[in-house]
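Here is the structure we will look at.
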Amino acid sequence: MSSLSRELVFLILQFLDEEKFKGTVHRLEQESTFYFNMRYFEDMVTNGEWDEVEKYLSGFTKVDDNRYSMKIFFEIRKQKYLEALDKRDRAKAVDILVKDLKVFAAFNEELFKEITQLLTLENFRDNEQLSKYGDTKSARDIMLGELKKLIEANPLFRDKLQFPALKNSRLRTLINQSLNWQHQLCKNPRPNPDIKTLFVDHSCGQPNGARAPSPVTNPLMGAVPKAGGFPPLSAHGPFQPTPAALPTSIAGWMTNPSPVPHPSPSAGPISLATNNAGALLKRPRTPPTNNPAMDYQTADSELVLKRSRPFGMSDEANNLPVNILPVAYPSQNHGQSSYSSDDLPRSVIMTLSLGSGVKSMDFHPVQQTLLLVGTNMGDVMIYELPSHERIAMRNFKVWDLGTCSAVLQASLSNDYTASINRVMWSPDGTLLGVAYSKHIVHIYTYQGGDELRNHLEIEAHVGSVNDLAFSYPNKQLCIVTCGEDRVIKVWDAVTGALQHTFEGHEAPVYSVCPHRKERIQFIFSTATDGKIKAWLYDNVGSRVDYDAPGHSSTTMAYSADGTRLFSCGTNKEGDSYLVEWNESEGAVKRAYHGLGKRSVGVVQFDTTKNRFLAAGDEFMVKFWDMDNVNLLTSTDADGGLPASPCIRFNKEGILLAVSTNDNGVKILANTDGIRLLRTVENRAFDASRVASTAVVKHPAIGTFGSPNIAGGTNIGDQAAPGVAIVGLNNDGRSLADVKPRIAEESIDKSRIWKPTEINEPSQCRSLKLPDNLTAMRVSRLIYTNSGLAILALASNAVHKLWKWQRNDRNVSMKATTSVAPQLWQPTSGILMTNDISDTNPEDAVSCFALSKNDSYVMSASGGKISLFNMMTFKTMTTFMPPPPAATFLAFHPQDNNIIAIGMEDSSIQIYNVRVDEVKTKLKGHQKRITGLAFSHVLNVLVSSGADSQLCVWHTNGWDKQTSKFLKISSGRTASALADTRVQFHQDQIHLLAVHETQIAIYEAPKLECPKQLKSVSSCHCGTSIRTQSVCTRTYRWWSLCT
């Protein structure tokens, strides 16, 4: 639909509103999707017209379009569900749960289970998060405020919340003008024409020689009515209509190649014949019809796409931070206006000297102070920015020359050097890829520190491998490469097997940009002749043949939220182009000004914060606001930059790496970036910014998570052991398990582990936990996984829970010694008390394990194992009476129906809650089990016992892989029943073992011991390096000073 047609819709909307056709107005708003009437939406929400609310919303977005849309629909359906519960209409609540809320279980199963648990409460306000839920009206008002923020932040509603500023009765005025013009064209115009119809052009019948009246003084359609609805909201400025849309969206580029050369995009839109495969990539607003190529217009109608760097891995929707109670989203950025040029990293804070020229850089996707660099000498380096140190390096070396082609062997015999064209991290940072100028792609595994291991060596192309990227077709991690041989290839990231080969370019392929739309995966590729092609993973051929601006060598990238597509390139004449593409038309939406006319080399660019663009050009870094074609600002980074420097933002956009003329890298930062580097440098480890599989070079002792970090997901409703608990059942195969082709180079592993010693009182802080219950010895004490509370199990089998409350001194509610937590109990006043049978709880071995989202605790104090609801403290079920008694509990990390139970008789029972039976018994210890820890990366269970022995069991067949006794120092004698606790590091490979005589670090699964620390004094309570120890009846919580 053209922009004029779009404007006509607005005129019709105004006319209908003035004529009081309210129902038709809102129907047209929904069907055209040009204007979202917030006032109408507010009225429906306030009145609780939920079906109409969702029907109106469905014209603009679907549940799974993006995270904002998902939250919008979730808040609405959650409110409807709570209102049904408040009216005690359980049947309706169940119906809403099954029909409306179950869709969210696929994205957040634990949250769905928590919502389901509300059905078991007499009053859902007994749930702590809902304790402040007021009446229906106030709850709707709170939710409406959040919905408005989400809608304003949702890119699909961009330019749809403001009705254009129109004069009253604009459509009538235009028709009057048209009729007056027609009347002036009459051969014999009458002075007072009688207009009886608009269906045909006006013409005066009888000649009378009179002149046509003035268009201004003769309103042929009668008086203009007074101002009606749709008042202009001038605070947001005039409405900007979107450009005309073609019968194909950005996904419509995926069409059969045209045999006719296409014009440059600047010359206008391209007509593409849509086939079924191309139509699949479109996101219709309404259910599909019999016409697979039906057009659904406008760029905003497209699904919010994900950024290609880092690509895939986990959607944001999979980890929605949604709450049961409608609360604010303080961390959410609603709109782009909150950013300014001050947010750009422009202050030089450090310079790294590499020794060779930088060709490519990439920041770690999660540990954002790690920088990966590839050079023109073939060197791969990882730098830890806070310490300014290079922590890992690999030189160019073919791992297995004998398997290489004769062409490559001949090339290497003449010149055994290669430059790097691209380095890139995988989405989770556990792999990194390197594309070389000679045939080869190397894939390394990275588990933190300098642990860089050979994983795959692929002879990917004949000649140079120009680009490399990671993608996730069919939920399988793959590597996409392109090269001088004009081919794009897709490889399995685990095995290195070739999966797809795409041929069709007539020049060397310069870059690739994998992307996805819903379940459709595709790849953009660009060639040195300026051609852009797109491919599905089906080996059918290119879906588009398109010209880049100026026929330049181009790279393409999406904004971080995937809603906007940009490209930057330089042609053979040195002309550079930085443009944004119109996703509806496949045409250039805007071309940015400010790039040099004669660039040296291909200009590199990057995007950040969904707001800014940056490019290295003319010995400086230039910045643009995405919404303004003019140059925003620039910096020369204190000089010393090459003509076209290589640049790269970190994920948050607070750091910027820029290559220098003297074989170095300058790190630029904004205020947040400077604060991040200083914080990490001071602490040596910043746990809030570390991936689950990545560590920095010198981790503090606090790098080990809580003992139940690998616990299963939230437990669903369970009335008896026979009731199934829905598990994840994810594939836990580790990419790191794949063996390299040849033996890896030796690594000085001692550099990885340098724990900080805590030997001065000033390094610790303590806090006495308030307790108005009976004071008893504490048997077990742990953090909750959220870090908001501490759970204790006393020797009398009673659990106690302390929570930090939000106040001025502790806004985050996180655990701290600065503010005392409160002993918490539900309003019912009941206690979580374990079954003790005929045993004396003072003599029993106590144990417990928390579910992943802290909603449930599995616990035992010498009697039966109990399952408690942490929200209500109610006992859900008990099972497995002694003897033997349980001495340690652990959830399987990938299936929370499976529980590992360490027993007093030295056995380990693998218990399936779903079928209420012991699946297998593991025997290998001589004394009771004192510790259990799962590794979801290695698929192993490590057990420890009072016999000072560690055993490794493979979780597939539960066979024992290896075992090892702790090395007791000479002169030390362990107690007969000394506890040994085990806990996996966040990398899921290194294992912490704590014994009364020592603290040791092992590498699973072989149990090699790279580090054994000093002996420690005996403590008979639950001890963990990260948690706290209590040895008396006084609750005292300790933390390391920061």
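Every residue gets a Cβ built from N, Cα and C, even glycine.
As annotated by TrEMBL, domain 'CTLH' applies to 34-92. Counting residue by residue with DSSP, the domain 'CTLH' (34-92) contains 41 helix, 0 strand, 18 coil.
As annotated by TrEMBL, repeat 'WD' applies to 458-501 (among others). Break the repeat 'WD' (458-501) down by DSSP state and the numbers are 3 helix, 25 strand, 16 coil.
When Cβ-Cβ distances below 8 Å are used as the criterion, the repeat 'WD' (922-953) is approached by residues 693, 707, 710, 732-734, 736-737, 845, 887-894, 900, 902-910, 959-966, 968, 974, 976-984, 987-989, 991, 993, 995, 1002, 1004-1005, 1007 of the same chain, each at least six residues removed from its ends. Feature annotation from TrEMBL assigns repeat 'WD' to 922-953 (among others).
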Using Cβ atoms and a strict cutoff of less than 8 Å, what residues sit near the repeat 'WD' (458-501) while being 6 or more residues removed from its termini?
308-313, 403-405, 407-408, 421-422, 424, 426-427, 431, 433-443, 507-514, 516, 521, 523, 525, 527, 535, 537, 539, 733, 735, 738
For the domain 'CTLH' (34-92), the averaged pLDDT of the predicted model is 92
For the repeat 'WD' (922-953), jot down how many residues DSSP puts in helix, in strand and in coil.
0 helix, 20 strand, 12 coil
